[in-house]
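Data first, discussion second: the structure below is written as structure tokens.
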Amino acid sequence: MGAFASIDDIAFHSNIPVAADITVAIVYAVFGMCSLFSNSTLLYVSYKKKHLLKPAEFFIINLAISDMSLTLSLYPMAITSSIYHRWLFGKTVCLIYAFCGMLFGVCSLTTLTLLSMVCFVKVCYPRYGNRFNPVHGRLLITCAWAWALVFACSPLAHWGEYGPEPYGTACCIDWRLSNLHPVARSYTAALFVLCYIVPFCVIVASYTGILMTVRASHKAMEHHEARQTKMSNIQAVIVKLSVAVCIGFFAAWSPYAVVSMWAAFGHMDNIPPLAFAVPAMFAKSSTIYNPIIYLLLRPNFRRVMYRDLVSLHRAFLKGCLCSCSQALWGSATPTPWSGSASNRSADVRSTASPVPPPRPPAKPSPGPEVALAPARSAVTPSSASDTTPEVAMVAPTSPAPQPTFTHLRISSQSPSCSR
């Protein structure tokens, strides 16, 4: 048992430089935050327009769920292990980590493939595509998860094996075993063909057929200016979406596919551990570009996202302003409104403009309400010399003005944030 334990300790120790591990941890941290934000935004937008969702858009939601699940299950352990320069969670968690990576990764690839096929049928063969309904969408999504589950469970049934990556801080397929045993090598070859070559060919063929069909429709409407403009906009969106999906798929998964074939059929000892760490980062980047592509390039998703993000931004700014105002009003710095109600009333009386004493003396107004009543009287010109300067002179023909009263209500609370 001690020999096996020491072998596990060696396998779970990082085989790349410390600086490379720290770089991997930083990259994964950035990827994780971007993935959580973009996928949660995509799910939020889908929820807001749930009554308007088309069956083909179910695949986009499933893709976001799969990518977010991969992010939550893999990124935290990969980041902490890279920081500590070794795998921290033992052999059992290593198997769970590898299982989750295979399950969610293959599900995302299969979902992208099915989405391209559905779009191809709906655009190129609308007679059949218009029959596609939510039941068909849910059935295909179930098939995608079942297909991914087959490849994720196969190493647990010893068709292939899970184990630590050659660089030591993550887990996936045991590449060294696939280099030595024909059964494990057959699993790697099946994974390469059925989960990389076939999906890539189907995606490229589907979007190529869509582009050709849209281009033919564009030529058929050249004599109709309004329809031609609308078709040009649709064509531009489809071209951008098609190119982005194909490039993203190829860039994310090709490095890992090449290294897996190199490990299975080449000389394992000639492959540096860093050659496995870099393709793994590229593969995990797919959790970022998938939601970004569909959020930015699909007009219906983009409109809802912009509208709701603007509302959230305004609510966030309002909350910040309210918090700042409450912090300022609730600070310990003395303000003109601090103190008891009687002190506030005295402050108001002392800071108010001079008021002449009333004739006869008025009874003081109790409570926090202070009545400022300027005394005015109407006199004739003959008695003007006997009056004080505060008394207004009124012409005999003018009616005496009615006394006005100004009420000041002092509030001991800070301004309301709901204004």
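Quick reminder: no glycine exception, Cβ is built from N, Cα and C everywhere.
Curation does not apply to TrEMBL; its annotations are automatic.
According to TrEMBL, the transmembrane segment annotation covers 22-47 (among others). Tertiary proximity for the transmembrane segment (22-47) is limited to same-chain residues at least six positions away from its ends with a CB under 8 Å from its CB atoms, namely 16, 53, 57, 60-61, 64-65, 67-68, 71-72, 75-76, 78-79, 82-83, 169, 277, 281, 284-285, 287-288, 291-292, 294-295, 301, 304-305, 308-309.
Summarising the annotation, TrEMBL assigns domain 'G-protein coupled receptors family 1 profile' to 38-294. Mean model confidence of the domain 'G-protein coupled receptors family 1 profile' (38-294) amounts to 88 (pLDDT, 0 to 100 scale).
Proximity of distant same-chain residues to the transmembrane segment (59-84), defined by a Cβ-Cβ separation under 8 Å and at least 6 residues beyond the stretch ends, is recorded for 14, 21-22, 24-25, 28-29, 31-32, 35-36, 39-40, 42-43, 46, 53, 93, 97, 100-101, 104-105, 107-108, 111-112, 114-115, 118, 137, 140-141, 144, 169-170, 284, 286-287, 290-291, 294, 298, 301. Feature annotation from TrEMBL assigns transmembrane segment to 59-84 (among others).
Feature annotation from TrEMBL assigns transmembrane segment to 96-125 (among others). For the transmembrane segment (96-125), the list of distant contacts is 55-56, 59-60, 62-63, 66-67, 69-70, 73-74, 77, 89, 132, 137, 140-141, 143-145, 147-149, 151-153, 155-156, 162-163, 170-173, 195-196, 198-199, 202-203, 205-207, 209-210, 213-214, 238, 245, 249, 253, 283, 286-287, 290: same-chain residues at least six beyond its ends, Cβ to Cβ under 8 Å.
Among the features that TrEMBL reports, transmembrane segment is placed at 137-157 (among others).
According to TrEMBL, the feature transmembrane segment maps to 187-214 (among others). Listed as Cβ neighbours of the transmembrane segment (187-214) (distance under 8 Å, sequence separation of 6 or more from its ends, same chain) are residues 106, 109-110, 112-113, 116-117, 119-120, 123-124, 151, 154-155, 159-160, 173, 175, 178, 231, 234-235, 238-239, 241-242, 245-246, 249-250, 253, 257, 260-261, 263-264.
Residues or ranges marked as transmembrane segment in TrEMBL: 234-254 (among others). Long-range contacts of the transmembrane segment (234-254) within the same chain: residues 109, 112, 116, 123, 196, 199-200, 203-204, 207-208, 210-211, 214-215, 218, 282-283, 285-286, 289-290, 293-294, 297-299, each at least 6 residues beyond the stretch ends and with a Cβ under 8 Å from a Cβ of the stretch.
Under the heading transmembrane segment, TrEMBL lists 274-297 (among others).
According to TrEMBL, the feature compositional bias 'Polar residues' maps to 335-353 (among others).
Residues or ranges marked as region 'Disordered' by TrEMBL: 335-419.
As annotated by TrEMBL, compositional bias 'Pro residues' applies to 354-367.
What TrEMBL records for 379-388 (among others) is compositional bias 'Polar residues'.
Feature annotation from TrEMBL assigns compositional bias 'Polar residues' to 403-419 (among others).
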Beyond the flanks of the transmembrane segment (137-157) by 6 or more, those residues with Cβ under 8 Å of it: 55-56, 58-59, 62, 95, 98-99, 102-107, 110-111, 114, 118, 173-174, 187, 191, 194-195
